[in-house]
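Novice: Could you have a look at this structure, given as structure tokens, before my questions?
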Number of protein chains: 2
Amino acid sequence: MAVTLRSSAADFEQRFAAFLSTKREDSPEVDLVVRQIIADVRARGDAALKELTLKFDRADLNRIGIAVGPDDIAAAYRQADPETIDALKLARDRIFSHHQRQMPKDDRYTDAIGVELGSRWTAVESVGLYVPGGLASYPSSVLMNAVPAKVAGVGRIVMVVPPTGGEINPLVLVAADIAGVTEIYRVGGAQAVGALAYGTDTISPVVKIVGPGNAFVAVAKRQVFGKVGIDSIAGPSEVLVVADRDNDPQWLAADLLAQAEHGMGAQSILITDDEGLAADVEQAVAAQLKTLPRPQNAAESWRDFGAVIIVGSLDEAPALVDRIAAEHVELAVADPEAFLKKIRNAGAVFLGRHTPEVIGDYVGGSNHVLPTARSARFSSGLSVLDFVKRTSVLKLGPEQLRQLAPAAITLAKAEGLDAHGRSVSIRLNM
Amino acid sequence: MAVTLRSSAADFEQRFAAFLSTKREDSPEVDLVVRQIIADVRARGDAALKELTLKFDRADLNRIGIAVGPDDIAAAYRQADPETIDALKLARDRIFSHHQRQMPKDDRYTDAIGVELGSRWTAVESVGLYVPGGLASYPSSVLMNAVPAKVAGVGRIVMVVPPTGGEINPLVLVAADIAGVTEIYRVGGAQAVGALAYGTDTISPVVKIVGPGNAFVAVAKRQVFGKVGIDSIAGPSEVLVVADRDNDPQWLAADLLAQAEHGMGAQSILITDDEGLAADVEQAVAAQLKTLPRPQNAAESWRDFGAVIIVGSLDEAPALVDRIAAEHVELAVADPEAFLKKIRNAGAVFLGRHTPEVIGDYVGGSNHVLPTARSARFSSGLSVLDFVKRTSVLKLGPEQLRQLAPAAITLAKAEGLDAHGRSVSIRLNM
């Protein structure tokens, strides 16, 4: 049973603040182990990868190889259901189209005194994409990470995935092929991150590493950050549904459970101004849980982290939405566009009663890698911008230098940087 | 004396690779101390700030106050040289104009099947700006960090600066006022970062923390990351000058020394195809060092980290430039635009013989907070983008949902996420 908070209660602010600061994931102390694994990969390269993969994934890379080859891809296509392959291609096309619009444009202009300024965007040279093994080995996540890199123009897109018991989900290989991944290796965990950052005989190093992973992978990414770029560290998933009374409680319950079934700290929240709807949704959640083939994750997440927040009026909701700053926000209200204008902190917003968040997970076209754990207050979902970087450009002629020199020299002097001043004055015989 | 590398040497690749991996800064083990300081600030708030400031900065905040008030700002203006104030205003105006062009535009469109998609940008609500004390307390850095936040539309811009011996550089206060900083507090070190992240009675918490600092500040920022956003961690500064023979060696020497005088691991590199120019520049560096009032930093940086790379032809240079991926690249060559097209990894590029990097430090208009330590391979300089975040928007009607539902349900099923599938199918009576 999820917690219920009423904004009319005297202790609401206190309870809401406590709810916001609920910790939803463990941070096991794996720093030292990860450091040793990465050091081992740096020192022994492929040999370390083989040994660690035998130990952690029970797979013999001497037999099946580190690199996934064209034959493996072809075999994966044969194992995959044709309808699923088509769905992946539809998703790829929609993600590609949407992300093409995110490509930033170069800017170059001359200002009033003749100084030329500019911003120039270029793709990072290479990207490593981590894909988890086992149950969380999602082909949709392969698309969501690889397609924006492809759109950005990244030349090398290198995927690593642990061969759990020797096996890789064939749909992950198919998705990688469909997305344009250029190299695939059978390696996971901190050892994969170490290999991507520092390279081995088989795996050339990359410039940036993205993609979700377990605690070992997350810590490894933090440790190699600086040597390479990383994306943000993904936390447990969240959905916040804002609903007026004119909703089918079954629909809302289904949306809350879709998020909850991710388990591992996933959180589903309903905000409504209608006590009756709130009760109906809670009943519908309970009823639908009974019909799920694998209800355990969803039941535990709803019980431990689920919340129903009842407000006196939906006018109170935008402030709460911004404080929650959820990864996904569904606006199941009469005028979602008007509501959207009143909020600022959300990873992705799904407008209206016919836009379940799940569409965004797969085929909406927008990215499903989004800021979690309230980080939508300061960060954004994955986009083409994560695979490009900007170089600023400045160009002065003698006349512009003469005009700007006095101020530059004054400031250099004020900061006690004599050589800075001279670098300007020496060009002017000042 | 800087190191000299010749691309014609048999061991060049080996020496260049070693040069690239030279470590230029110490990473003292302050993790535990910082963790304790932050915990203390969380537990005791203002009382901890006062005690720690007395201890580390020898300043009594009970006497001078935590908050800087209007009287303090007015006094700072009186202490400042009018010419310097004017130079700061010119810099502010030029930075503001340039950064206005970086403001990303919202995008909203309807695709071929009627799905509405969009990206919406909003400012982060509040930003904390760390400004170091002592010698590295640069008013220009205040402008470079605060003005983009102002352009982005950040409401609260909160500056913290340690009151070393009770004093704050008046030009830092003037720059803060000119840049539009809204609150200023006399606190520095890890305790300032802790206060910005978690808040105290006097200092309300912020959503993101930016700005350079010493090892304690850098470690504190890493520790609070997640609770708040942070910018990238700045390393020692670098300049890479690419020069053909038609240069005045004195100008180039001045540019190399301007970077070197930052000390603390700063690096200056010259790439040229002309042995004679290389020798002349080295002589000019030695000569100019003798005339600097405070030569020590520059002399040490040039000796320890400086490099002159002599190539057979400037055609070899772009590949080396991209591997060095320097913070600042000066192109002192006949056709800098053509050269620019051949490189991709640089924080900022300064085109032609009349664009010394120092102009970019102060009054060029572009930002001087740039990626260091080869991170220009995967990251960008500070910009308006660091103070906004993107929310993706998706909107389907019943017809669009019907069209996309089969693929979404297929993928949900393939990923074993039953509740995901139901969230879509329940809306269609499927």
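Placement of Cβ uses the backbone N, Cα and C atoms for every residue, glycine included.
As annotated by TrEMBL, NAD(+) binding site applies to A:Tyr130, A:Gln191, A:Asn214. Annotation comment: TrEMBL describes A:Ser237, A:Gln259, A:His262, A:His328, A:Asp361, A:Glu415, A:His420 as substrate binding site. The Zn(2+) binding site annotation in TrEMBL covers A:Gln259, A:His262, A:Asp361, A:His420. Taken from TrEMBL, the feature active site, proton acceptor covers A:Glu327, A:His328.
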Novice: Enter the number of other CB atoms within 10 angstroms of the CB of A:Glu327 (active site, proton acceptor).
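Specialist: Excluding its own Cβ, the number within 10 Å is 29.
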Novice: Near chain B by Cβ (under 8 Å): which of the recorded positions A:Glu327, A:Asp361, A:Glu415, A:His420?
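Specialist: Among the recorded positions A:Glu327, A:Asp361, A:Glu415, A:His420, the ones whose Cβ sits under 8 Å from a Cβ of chain B are A:Asp361, A:Glu415, A:His420.
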Novice: So which other residues, same chain and not among A:Tyr130, A:Gln191, A:Asn214, have a Cβ within 8 Å of the centroid of the Cβ atoms at the NAD(+) site?
Specialist: A:Pro132, A:Val160, A:Pro162, A:Gly188, A:Gly189, A:Ala190, A:Ala192, A:Val193, A:Gly213, A:Phe216, A:Val217, A:Ala220
Novice: How big is the Cα-to-Cα gap, in Å, between A:Glu415 (substrate binding site) and A:Gln191 (NAD(+) binding site)?
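Specialist: A:Glu415 (substrate binding site) to A:Gln191 (NAD(+) binding site), Cα-Cα distance: 46 Å.
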Novice: Should A:Gln191 (NAD(+) binding site) be counted as helix, strand, or coil on the basis of DSSP?
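Specialist: Where A:Gln191 (NAD(+) binding site) sits, the three-state DSSP reduction gives helix.
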Novice: Looking only at DSSP and grouping its letters into three states, which state does A:Asn214 (NAD(+) binding site) belong to?
Specialist: coil
Novice: Based on Cα coordinates, which of the following binding-site residues are within 10 Å of A:Glu327 (active site, proton acceptor): A:Tyr130, A:Gln191, A:Asn214, A:Asp361?
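Specialist: Correct set: empty; none qualify.
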Novice: Rank the binding-site residues A:His262, A:His328, A:His420 by the number of other Cβ atoms within 10 Å of each Cβ, and give the residue at the low end.
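Specialist: Comparing Cβ neighbours within 10 Å for the binding-site residues A:His262, A:His328, A:His420, A:His262 has the fewest.
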Novice: Of all the binding-site residues here, A:Gln191, A:Asn214, A:Ser237, A:Gln259, which one's CB has the most other CB atoms within 10 A?
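Specialist: Per the Cβ count within 10 Å, the most buried is A:Gln259.
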Novice: CA-CA, which of the binding-site residues A:Tyr130, A:Gln191, A:Asn214 lies nearest A:His262 (substrate binding site)?
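Specialist: That would be A:Asn214, the closest of A:Tyr130, A:Gln191, A:Asn214 to A:His262 (substrate binding site).
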Novice: Going along the chain, which residues six or more apart from A:Asp361 (substrate binding site) have their CB under 8 A from its CB?
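Specialist: Counting only residues 6 or more apart in sequence, the Cβ neighbours of A:Asp361 (substrate binding site) under 8 Å are A:Ser140, A:His368.
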